[in-house]
Amino acid sequence: MGIPVGKLSLYTALGGVRPSACLPITIDVGTNNEQLLNDEFYIGLRQRRATGEEYHELMEEFMDAVKQIYGEKVLIQFEDFANHNAFDLLAKYSKSHLVFNDDIQGTASVVLAGLLSSLKVVGGTLAEHTYLFLGAGEAGTGIAELIALEISKQTNAPIEECRKKVFLVDSKGLIVSSRKNSLQPFKTSWAHEREPVTTLLDAIKSIRPTVLIGTSGVGRAFTKEVIEAMASFNERPVIFSLSNPTSHSECTAEEAYKWTQGRAVFASGSPFDPVEYDGKIRVPGQANNAYIFPGFGLGVVISGAIRVHEDMLLAASETLAAQATQENFDKGSIFPPFTNIRKISALIAASVAAKAYELGMFSDTLAPLQASWNTCA
């Protein structure tokens with residue numbers, strides 16, 4: 001329950017949303033944890049987890065009830081659903097409800113902002129770079145898709161072509177077409193025609209990416225060999241180690257700078273202290289979802305939007321990237337100072353609302369709920 005309460009607290013603290021306009025909900029479908037099932041003080045539903053048809057019937061009843069009671073302009077944020085459920089629920093309800101999955105879409109939006117910002121340091125366009133992910137779950141595939149969408153928007157190329165700039169490695173190796181029959185549905189878009197390789201290092205040597213992104217949850221997976229390989233053919237390798245907590249981070253900021261002789265453009269999911277290398281202090285940026293979701297949610301609701309469109313996520317990313325300045329880059333960070341978050345949230349809300357109007361994603365009357373939302377300019 002701390003998760004939805006905490007997220008909604010950030011909507012208030014960072015986005016200026018009144019607490020009375022927020023409702024935290026945990027959907028209890030039971031547990032398979034034997035210790036909890038046998039604990040007389042366990043306050044949750046004491047039965048095995050619901051799955052399959054029973055689970056989806058419950059979710060459908062819940063989603064219908066929320067829409068019936070609060071109207072179609074209530075924003076439902078999914079958080080911490082398991083991979084297979086998260087993608088299914090988002091795909092199903094994005095067509096009929098105003099829904100947003102922070103693990104998939106919020107993470108993708110903040111990371112895309114970091115990439116757009118990093119281009120000001122390394123040069124080139126998004127389409128001119130090649131991206132390799134370690135990790136192909138909600139976060140990895142969500143980020144990959146948003147990168148491809150932004151490339152498509154910038155180049156007018158078909159999304160299928162743009163996906164060919166993005167490669168993913170999962171626990172079984174590089175995702176390639178020869179594995180297609182055994183892949184989960186959300187991974188199949190990334191199964192490219194290439195020779196299979198089983199290790200991240202071999203994938204780097206084969207693909208020669210300019211950007212390496214970790215969403216694997218495997219601590220220290222970016223070894224010295226891996227990072228040195230990235231530095232061997234990139235003057236300014238972009239390395240995002242996004243897993244958290246810190247113990248699960250693919251590498252530390254110090255390792256990224258040390259093993260690239262200070263040349264890495266680095267961002268992380270967990271906070272890292274400033275690093276001194278070669279007499280210069282570098283302040284690593286943190287790709288924190290809190291940069292995006294409070295302003296995004298505010299913009300969605302004040303616009304009266306009834307659906308979330310991918311272009312609204314792209315607008316949020318572009319707005320956040322525009323807030324990073326040369327002063328930030330000089331210190332080693334590709335994100336603006338988090339101390340500016342209220343202003344950043346207001347700017348994101350404005351750009352998302354404007355995009356919703358441009359796309360015609362709103363209804364003709366503003367939601368009564370909107371009166372409960374403050375601006376944070």
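Every residue, even glycine, has its Cβ placed from backbone N, Cα and C.
Within the same chain, residues at least six positions away from ASP80 (divalent metal cation binding site) with a Cβ under 8 Å of its Cβ are ILE3, ASP103. As annotated by TrEMBL, divalent metal cation binding site applies to GLU79, ASP80, ASP103.
Annotation source TrEMBL lists (S)-malate binding site at ASN244, ASN288. Residues within less than 8 Å, Cβ to Cβ, of ASN288 ((S)-malate binding site) and separated from it by at least 6 positions along the same chain comprise VAL110, GLY269, PHE335, PHE338.
Annotation source TrEMBL lists domain 'Malic enzyme N-terminal' at 1-94.
Look at TrEMBL and you will find 104-357 tagged as domain 'Malic enzyme NAD-binding'.
Residues in the domain 'Malic enzyme N-terminal' (1-94) partition by DSSP class (helix H, G, I; strand E, B; coil) as 51 helix, 4 strand, 39 coil. Between the CA atoms of ASN244 ((S)-malate binding site) and GLU79 (divalent metal cation binding site) there is a gap of 16 Å, rounded to the nearest whole number.
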